[in-house]
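Chemist: Quick one: this structure, given as structure tokens, is what I'll be asking you about.
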């Protein structure tokens, strides 16, 4: 089945569910229409350099995380054939009728794994025009063998190992950090893969496929198999810039926890996805997270206590604060809640 050949019954009822928010449409049009978005070239890190020119490769990665908060990696070790197979499985499951996605255990996942729209949205600017499967790494396997499910698990494992390697490089790359530096310990129980689909959005200015946000993890890895449908944008120098899709690379971005741990050396950059008026977009994202009890505190060898920009907090405390803010305001406030200077 071609990607543009789908039954509209597979789409979540976004327009009818959130019609009460569309009184804000004129303001969204004006806000988005005033933004001139240029296309950017993200820094590209060839991970083959870790074997051939290790120090140069590590320095390039540290520079990209500091200056951009985003970078692409090539020769990352995740087979392209596996990523294509994941994309095909992703397209197939999102093609299923909406009612099946919300009620049945597709691919052996509970219906609660399927999410769509933004239930907490209080205005149109907070609505994400998307649907997704949120898949924790430790999700129990189904009793029957499902090839697509096995592919998801293979990709999750490969992404977890890659993300751990990249996070360690960045942690050890901070000024004053050495081989004895204490690392933030990650846990499979809190890491997850998210399969995204952004349906076509017929609103005048397209709308947000995913609202502007930063990631609440240590590190995120994103892949998009399509090379013809863009949409990912990040904030650079006070302006939104568009990221050109590249199926052969993986996009890596710094999360809030790594920004806090690095004492603002690395940047968790605000980013968003713009929905397309006529084309659907698919992507995959892996989120590297620590245990809920892990203490995030910028007081390791590279930071004196008096110079710390944040008070110490656990990942569990951070998540709880975010959920409270989203419930009360409709949006995430994030690191500002924990900043001391």
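Placement of Cβ uses the backbone N, Cα and C atoms for every residue, glycine included.
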Chemist: Suppose a student reads Swiss-Prot and sees 281, 283 listed for 2-oxoglutarate. Which of 133, 160, 198 should they find annotated at that same site?
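Modeler: The one candidate that Swiss-Prot places in that 2-oxoglutarate site: 198.
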Chemist: The Fe cation site in Swiss-Prot includes 213, 215. Which of 223, 271 is also listed there?
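Modeler: That Fe cation site, as Swiss-Prot gives it, pairs 213, 215 with 271.
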Chemist: I need the CA-to-CA distance for residue 281 (2-oxoglutarate binding site) versus residue 271 (Fe cation binding site), whole Å please.
Modeler: 16
Chemist: Cβ-Cβ under 8 Å from residue 213 (Fe cation binding site), same chain, 6 or more residues apart: which ones?
Modeler: 270, 271, 272, 332
Chemist: Enumerate the residues of the same chain, 198, 281, 283 excluded, that satisfy the criterion Cβ within 8 A of the mean position of the Cβ atoms of the recorded 2-oxoglutarate site; list them in sequence order.
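Modeler: Leaving out the recorded residues gives 130, 196, 197, 209, 224, 226, 229, 231, 273, 280, 282.
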Chemist: For the domain 'Fe2OG dioxygenase' (187-290), jot down how many residues DSSP puts in helix, in strand and in coil.
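Modeler: Split by secondary structure, the domain 'Fe2OG dioxygenase' (187-290) comes out as 9 helix, 46 strand, 49 coil.
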